[in-house]
Amino acid sequence: MLTQHVSEARTRGAIHTARLIHTSDLDQETRDGARRMVIEAFRDPSGDSDFTDDFTDDDWDHALGGMHALISHHGALIAHGAVVQRRLMYRGPDGRGHALRCGYVEAVAVREDRRGDGLGTAVLDALEQVIRGAYQIGALSASDIARPMYIARGWLSWEGPTSVLTPTEGIVRTPEDDRSLFVLPVDLPDGLELDTAREITCDWRSGDPW
């Protein structure tokens, strides 16, 4: 798939453009560089980060198989995000169940020395473009510090219980993920109105379910 220039952020006198590229079209050097940058961005030497477990191999695996938004400067990657397809299961007040085609946002990170320049906004602009063009709903798991940013962009905080559909135990609650989930409805099935106070269930994967 061809890359596509989708959004820009002006930083330090230069214009940086986020480009969209599928995992299958990433060369190994770019893929490895993105992984290293994201790992470093999630690591907090002070130990005060929300991401106490840092960025795991499973976390990186979750970011593969979909579209990546990349911003580079002088050949070095300075911002990254990805959106991958998942299914979210939701049952409305009428009892009807829905398996919603979801664009799930992963591995959004900006290199430490480039934070505060609007690069994260440019990455999210690109990822939201993918969500609006290909999915029924967007979703992501956000840290407390990031909540105001997503709310300002129109994402909805999920207030109801969260759960995961496991291969051996059926639906299992994920209380540790309650109130960290945000959704962005963009093309819901006719007649469906989400009630964010109800339960929502994600598909199974290794590592963190959400």
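Each residue, glycine too, has its Cβ placed from N, Cα and C.
Pulled from Swiss-Prot, these are the features on record:
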type: BINDING; residues: ASP54, GLU106, ALA107, SER141, GLU176, ASP177; note: substrate binding site
type: BINDING; residues: VAL108, ALA109, VAL110, ARG115, GLY116, ASP117, GLY118, LEU119, GLY120; note: CoA binding site
type: DOMAIN; residues: 21-189; note: domain 'N-acetyltransferase'
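Features per Swiss-Prot, on structure.
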| residue | record | DSSP class |
| --- | --- | --- |
| ASP54 | substrate binding site | coil |
| GLU106 | substrate binding site | strand |
| GLY116 | CoA binding site | coil |
| SER141 | substrate binding site | strand |
| ASP177 | substrate binding site | helix |
Tell me the Cβ neighbour count for ASP54 (substrate binding site), meaning other Cβ atoms within 10 Å of its Cβ, over all protein chains shown.
12
For the CoA site made of VAL108, ALA109, VAL110, ARG115, GLY116, ASP117, GLY118, LEU119, GLY120, how many Å separate the two farthest Cα atoms?
15
Residues close to CoA site centre defined by VAL108, ALA109, VAL110, ARG115, GLY116, ASP117, GLY118, LEU119, GLY120, Cβ within 8 Å
ALA79, ARG111, ARG114, THR121, VAL123
Output the one of GLU106, GLU176, ASP177 that, of all these binding-site residues, has the highest number of other Cβ atoms within 10 Å of its Cβ.
GLU106
By the count of other Cβ atoms within 10 Å, pick out the sparsest of the binding-site residues GLY116, GLY120.
GLY116
Relative to the Cα of GLU176 (substrate binding site), which of the binding-site residues GLY116, GLY118, GLY120 has the closest Cα?
GLY120
Neighbouring C-beta atoms (10 Å sphere around the C-beta of VAL108 (CoA binding site))
21
Euclidean distance between Cα atoms of ASP54 (substrate binding site) and GLY118 (CoA binding site), Å:
23
Output, ordered by sequence, the same-chain residues six or more apart from ALA107 (substrate binding site) with a CB under 8 Å from its CB, or 'none'.
VAL38, PHE55, ASP59, TRP60, HIS62, ALA63, HIS80, GLY81, ALA82
Between the Cα atoms of GLY116 (CoA binding site) and GLU106 (substrate binding site), find the distance and write it as a whole number of Å.
20
Lowest local Cβ density among VAL110, GLY118, which the record lists as binding-site residues, within 10 Å
GLY118
SER141 (substrate binding site) has how many other Cβ neighbours within 10 Å of its own Cβ?
18
By Cα geometry, the one of the binding-site residues (VAL108, VAL110, GLY120) nearest SER141 (substrate binding site) is VAL108
